[in-house]
Amino acid sequence: MTTMTVPPSLLPLEPFPTAPDTRASTPHIRLHGLGKRYPGGVQALREIDLEIRRGEVFGIIGRSGAGKSSLIRTLNRLERPSEGQVLIDGEDIGGYDGQRLVALRRRIGMIFQHFNLMSAKTVRQNIALPLRVAGVPRARIEERVAGLLQLVGLEEKRDAYPAQLSGGQKQRVGIARALVHQPQILLCDEATSALDPESTQAILALLRDINRRLGLTIVLITHEMAVIREICDRVVVLECGRIVEQGEVWEVFGDPRHAVTRSLLGSLRAALPADLQARLRQAPGGGDPVLLDLQYTGASRRVPDLLAIARAIGQRVDLLHGGIERIQGRALGRLLLQVGAPPGELPGVLAKAALVADKVEVLGHVAHA
């Protein structure tokens, strides 16, 4: 990954208050009993309890209508909760209004799916706009904007208009604009959904670099598990306004417990190929080999060792399908093995297979082609 040097002009316009030592162990963001109800009785969020650590990249995923946007918009009070609390650095923001609310929103930047750039203003002018509104002196605005252009890699596009930019470049402008007030938290509302795959990867890499270099806490919502896998430290899964699963990314990917999570992960997991599915039988017939599913959840930090698998099972083993990926330093995935074991020896084979995988499942017997 490219090493990024933070420009000197990215020093805060105004120094942030020094946090007391007791805040080092305090969640940066804490939600307690959070609920959101819209007119007409629509309950968008229900009993949300959540803690987000300082400096982490935290993902919120769910299907359309799950409550993702409602949740993220309560963090900067674009939406007022109907019940419960939102605490930033241990302080309930529910009663904020006027200047306190303005100050809060300057500490919390936000980027959006559709960029929200002003078409008649240049890149430089779009980035500078929040500072002009805040009455920052022109010289400091120019210095700050120059540093942000360097940070997001748009120095050569400073005088371009949004219509002259690609989708990825527009989102870089959005990121720069969100950082003008030196926020401590960055909210990302489907920030890559309108981008092509190459631009998505570039924006995610930029966000991760910004997280590491500036120490930002990043909270992002998405419906794409690939985005969670690429950038997040932890994730929650929402369904019908409730949290149905949460944990470290490797935990949720390696051993999803809820049906919604498994559905969202479907396209990323090694599914049983159609030709094998057609030949699969639950009852053995005429010496048909058994199909074993060796699963690696990351819990044991075990790495698939094909030689050890063959030795442990002690039978003829064919690797028919599978996939292993590394997430947060752990090997996750599955191997589908065809094992020529007689029915009487199957219990022993399963016991041995359990020594070399986190989970073992018999999928059936493979009929001869």
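One is the number of the first residue shown, and numbering goes on along the chain from there.
Heads up, the Cβ atoms here are built off N, Cα and C, so glycines get one too.
Ranges compared are 1-26, 27-52, 53-78, and Swiss-Prot records region 'Disordered' for 1-26. Look at Gly62 (ATP binding site): DSSP puts it in a strand.
Summary of the ATP site environment: with the site residues Gly62, Arg63, Ser64, Gly65, Ala66, Gly67, Lys68, Ser69 set aside, the chain residues having Cβ atoms within 8 Å of the Cβ mean position are His223, Leu238. Ranking the binding-site residues Arg63, Lys68 by how many Cβ atoms sit within 10 Å of each one's Cβ puts Lys68 at the top. With a 10 A radius on its CB, Ser64 (ATP binding site) counts 7 other CB atoms from all the protein chains. Counting other Cβ atoms within 10 Å of each Cβ, the lowest count among the binding-site residues Gly62, Gly65, Gly67 belongs to Gly65.
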